[in-house]
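Let me begin by presenting the structure, written as structure tokens, before commenting on it.
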Amino acid sequence: MSAKNPWFWLAAILAIALDRLTKVWVVAQLAPGESIALWPGVFHLTLVKNSGAAFSLFAGGSDWLKWISLLVSVGLCVYALVGPHLGSWEQMGFGLLLGGAVGNGFDRFAFGEVTDFLDFRLIQFPVFNGADIAINLGLACLLIGTLRSESRTPAPARPASKQIREPTDTTGG
């Protein structure tokens, strides 16, 4: 692990590992379209294959998405290696973004589609996966890092005020 931006690498490795492990497990347990109710009507594991982007946008004609995933992944690695030393929130944020991009990018290159399985039915949310969670957590970390750095930014210096001199006693007293 690089000594520079260590939280970046740790967050990326954990996100990639958790995404791969959960996808492999779900694919071994469920057939496409099959669902297991963990909390009936609220949260299910439902195996779906998504050839598009988030929420199945661009489904079917998304070959370019794998190249975007690769470009983003390479760009984030280069930034972590040759860019500035980042604060811990930024390191974790960019690392989680890398983990999500690699997780879904791997699926796109290996299978031509992304494995989704987390199904929140209570709010009718589109089915998603661990890489999607990593991307959203990464964005949240970057937002927190930005807000924290703004709150620590020192206020601009005030212009020097004119010195008021005390009157000197010229009466000798």
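Heads up, the Cβ atoms here are built off N, Cα and C, so glycines get one too.
What Swiss-Prot says about this one:
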| type | residues | note |
| --- | --- | --- |
| TRANSMEM | 67-87 | transmembrane segment |
| TRANSMEM | 92-112 | transmembrane segment |
| ACT_SITE | ASP116 | active site |
| TRANSMEM | 125-145 | transmembrane segment |
| ACT_SITE | ASP132 | active site |
| REGION | 151-173 | region 'Disordered' |
| COMPBIAS | 163-173 | compositional bias 'Basic and acidic residues' |
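Ranking the active-site residues ASP116, ASP132 by how many Cβ atoms sit within 10 Å of each one's Cβ puts ASP116 at the top. DSSP assigns ASP116 (active site) to a strand in the three-state reduction. Straight-line distance linking the Cα atoms of ASP132 (active site) and ASP116 (active site), rounded to a whole number, equals 9 Å.
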